[in-house]
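Here TrEMBL flags 12-31, 69-89, 101-118, 138-159, 171-199, 205-223 as transmembrane segment.
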Amino acid sequence: MTLSFFDQFISPMFLGIPLMALAIMIPWIMFPTPSSRWMNNRVLTLQNWFINLFTKQLLLPLNTPGHKWALIFASLMIFLISLNMLGLLPYTFTPTTQLSLNMGLAVPLWLATVIIGMRNQPTHSLGHLLPEGTPVPLIPVLIVIETISLFIRPIAFGVRLTANLTAGHLLIQLIATAAFVLMPLMPTVALLTTILLFLLTLLEVAVAMIQAYVFVLLLSLYLQENV
């Protein structure tokens, strides 16, 4: 029986119990904890350097009130990178290919930025719904369009993460299947396909990190409009 290529995206079950929660917890279990050798531990030194560099670049355009989100941004970035990278290992499950998880992250965080804007500067936040100098007949239409655009934002960057990772995993599986089938028939072509698979895997490693960064970057841009 031939399995569907989309079977790899089914949430794993064990004795009828979904293992999504376990897959989400694994990055935090593997993450190195501080020790007495804080300055001499190479892993922690590299980790701190990466977090400081990322936080500095991300918070550069934000005002001072937005700097309170530094811990959330850094934690979310590391969490998404860990999930995306672990999902590239053989016989693993990638939780970030599930739209439910991505929307569960995107909607509350986007809503938090909107609520902060409405609470701190309601006039400025509502001003985004109507550009200055708009002709009077177009005012109702533009308000409706901008409101729809506002509510589409969490869907857009939740679906973006899901689609990019799903497409990459499907492409890897297709090329791997082609290499396996071609091996006894055309070894030379199979070797070239394997080289292509290796290069694609390297590309997917870069995509896994870039998509996590883009997810957090879009959230910071939404926050920038409301602080």
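Any Cβ shown, glycine's included, is placed from N, Cα and C.
No curator has checked TrEMBL annotations; they are predicted automatically.
Sequence-remote contacts of a segment are chain residues at least 6 beyond its ends whose Cβ falls under 8 Å from one of its Cβ atoms, and for the transmembrane segment (12-31) they are 78-79, 82-83, 86, 93, 95, 98, 101. Taking residue pairs at least 6 apart in sequence, the transmembrane segment (205-223) and the transmembrane segment (101-118) share three or more C-beta contacts under 8 angstroms. Remote same-chain residues near the transmembrane segment (138-159) are listed as 99, 102-103, 105-107, 110-111, 114, 128-131, 214-215, 218-219, 222 (criterion: CB distance under 8 Å, separation of at least six residues from the stretch ends).
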